[in-house]
Amino acid sequence: MMKVLVVAALLVTLISYSSSEGIDDLEADELLSLMANEQTRAKACTPRYYDCSHDRHSCCRSSMFKDVCTCFYPEGGDNKEVCTCQQPKHLKYMEKATDKIKNLFG
């Protein structure tokens, strides 16, 4: 009996919400014009093997996974840290495997 009351209350709530005037007063034309005028806020991503020390979360995506900013100290005595966008090996192998599977069945 309790389940029936809960379901009935849920249905009444959904019906009253859907029949109300709506929360948003924007018309479809206004919404489309706002979407057309909105500029992209995403900054440009850093390509693979380029320096990402300025922003370690800016690496581009490959076909499936996002590259990772990897930092290391190069050989040669310079103690300056170098950071580049790279694809981890396990993700590289996963992409190759999925590409081969897609080529077999697709």
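Cβ coordinates are placed from backbone N, Cα and C, and glycine is handled just like the others.
According to Swiss-Prot, C69 forms a disulfide bond with C52, chosen from C52, C60.
Candidates considered were C45, C83, C85; Swiss-Prot assigns the disulfide partner of C71 as C83.
A disulfide bond in Swiss-Prot ties C85 to one cysteine from C59, C60, and that cysteine is C59. Ranking the disulfide-bonded residues C52, C83 by how many other Cβ atoms lie within 10 angstroms of each Cβ puts C83 at the bottom. When the disulfide-bonded residues C52, C59, C60 are compared by Cα distance to C83 (disulfide bond), the shortest distance belongs to C52.
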